[in-house]
Amino acid sequence: MSQAFPAPAKLNLFLHVVGRRDDGYHLLQSVFRLIDRADTVHLELRDDGRIVREGALPGVSEDQDLTVRAARLLQPYARPGAGVGIRLDKRLPMGGGLGGGSSDAATVLLALNRLWEVDLPRQRLQALALRLGADVPVFVFGQTAFAEGVGELLQPIGAPVAWYVVLTPPVHVPTAAIFAAPELTRNTPALKIAPFSAGMGHNDLEPVVVGRYPEVGRHLQWLGQFGEARMTGSGACVFASFATEDAARSVLQALPDTMQGFVARGLDKHPLYDFVPE
């Protein structure tokens with residue numbers, strides 16, 4: 001029987017590029033906040049040792065699919081014959097900066113860690129997650145996090161109760177191209193971790209994306225009438241924070257017909273946080 005598990009989106013409340021390693025990876029500082037908008041990952045255990053993707057994502061082969069790769073990565077730690085069928089219900093846009101693919105992969109790791117009775121501790125599961133991509137460990141970490149390094153050095157950080165209006169411009173932003181852009185500044189001074197405030201920092205990738213994708217700038221400008229609007233990740237999604245659900249929903253109701261978006265609540269912990277032994 002299939003079981004359903006949420007894969008929540010993330011927002012980068014700020015994202016600073018503070019340097020670049022010799023291997024080309026960028027050194028970052030960011031605060032990651034999970035929100036209650038989510039994909040759903042359906043898992044059905046098998047005893048034939050096979051990992052089967054049910055339904056294809058457009059343009060994503062099975063070998064590239066992060067959910068399949070996550071299951072394959074954990075499988076050697078499981079009992080012989082452990083397998084799984086994987087099906088995704090996508091609500092999060094691809095190429096939107098909400099971490100949907102990374103979150104889907106993390107949910108597979110978190111859920112199968114329990115369902116396959118692997119019971120790896122969180123730090124070991126995060127190390128596996130990093131092999132799938134720089135954004136995957138934060139979803140396994142499962143809390144609002146101050147991130148450094150390439151995004152894998154994580155510390156828990158308190159964040160206020162917040163509701164977010166998230167707008168989804170109709171463009172797909174390729175992350176690698178934005179990080180490779182010659183106009184990207186890579187020398188933002190590093191911050192010391194401190195009590196987080198909503199106006200802290202900025203997103204170094206935002207000017208690059210706005211310069212290449214004017215639709216993102218148009219959405220930022222509209223949302224900026226109501227609060228401090230920012231881009232998450234490498235875009236294209238943009239967001240603003242509000243103290244109450246009513247305030248956020250009143251902004252969403254004013255959204256022009258030419259734009260799309262949603263309201264989401266900030267989460268303090270991942271819904272599957274307790275699936276991992278400490």
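Cβ coordinates come from backbone N, Cα and C, glycine included.
As given in Swiss-Prot:
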type: ACT_SITE; residues: LYS10; note: active site
type: ACT_SITE; residues: ASP135; note: active site
type: BINDING; residues: PRO93, MET94, GLY95, GLY96, GLY97, LEU98, GLY99, GLY100, GLY101, SER102, SER103; note: ATP binding site
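Around LYS10 (active site), the C-beta neighbours below 8 angstroms that are at least 6 residues distant in the chain are PHE32, ARG33, LEU34, ILE35, LEU98, GLY99, SER103, ASP135, VAL138, PHE139, THR232, GLY233.
With all protein chains in the displayed structure included, the most crowded Cβ environment within 10 Å among the binding-site residues PRO93, GLY95, GLY97, GLY99, GLY101 is that of GLY97. Highlighted in sequence order, ALA9, LEU92, GLY233 have their Cβ within 8 Å of the centre of the Cβ atoms of PRO93, MET94, GLY95, GLY96, GLY97, LEU98, GLY99, GLY100, GLY101, SER102, SER103, the residues recorded for ATP, and are not part of that set.
Cβ neighbours within 10 Å of ASP135 (active site), excluding its own Cβ and spanning all shown chains: 27. Classification of GLY101 (ATP binding site) by DSSP places it within a helix.
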